[in-house]
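Engineer: Copied straight from TrEMBL:
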type     : residues                   : note
BINDING  : 7, 124, 125, 126, 127, 128 : 3'-phosphoadenylyl sulfate binding site
DISULFID : 107-119                    : disulfide bond
DOMAIN   : 4-144                      : domain 'Sulfotransferase'
């Protein structure tokens, strides 16, 4: 959730350079370390809360939790999990991906009938601003209990700590 919050901020910053600093938005009170959960970039990362809401309507067995980190490090493997979960034949494999050094993400090789590879849009894969290490650490501490609850709920440890 911390890199995702920073990414959310980076996206907003690219559209409006006049927004306050990440730190100013993330904290209600910097000196006490009180996190501002009204800021959407922070609130979105409380995954356990969102899953609790979804579980009121759907059983856990109907969910597949795709790891964004594994999607970057092993796109074919993670897509294999998706295909298996959906009961589909594994058609998307390693041969469909290449790593784009500029974006820092895997991209799709040329789709059939197309002359160009398919990759993230212009607004994706940009460098993130430097965020003070103490701010990042405080956010990790804030998310830790929510992450632990999410791991318990899903039966998966995503290693976000």
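Please read every residue number as a count from 1 along the shown chain.
Each Cβ is built from the backbone N, Cα and C atoms, and glycine gets one as well.
Can you walk me through where each of these features ends up in the structure?
Structural biologist: Here residue 128 (3'-phosphoadenylyl sulfate binding site) comes close to 3, 6, 7, 10: these same-chain residues lie at least six apart in sequence, with C-beta atoms under 8 angstroms from its C-beta.
In the domain 'Sulfotransferase' (4-144), helix, strand and coil residues by DSSP number 64 helix, 14 strand, 63 coil.
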Engineer: What's the CA-CA gap between residue 107 (disulfide bond) and residue 127 (3'-phosphoadenylyl sulfate binding site) in angstrom, rounded?
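Structural biologist: Pair distance, Cα basis, whole Å: 17 Å.
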Engineer: Determine the Cβ neighbour count for residue 107 (disulfide bond): the number of other Cβ atoms within 10 Å of its Cβ.
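Structural biologist: Summing over all protein chains shown, residue 107 (disulfide bond) has 17 other Cβ atoms within 10 Å.
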Engineer: How many other Cβ atoms sit within 10 Å of the Cβ of residue 7 (3'-phosphoadenylyl sulfate binding site)?
Structural biologist: 15
Engineer: Just checking, which of 119, 127 (recorded positions) has the fewest C-beta atoms within 10 Å of its C-beta?
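Structural biologist: Candidates: the recorded positions 119, 127. Fewest Cβ atoms within 10 Å: 127.
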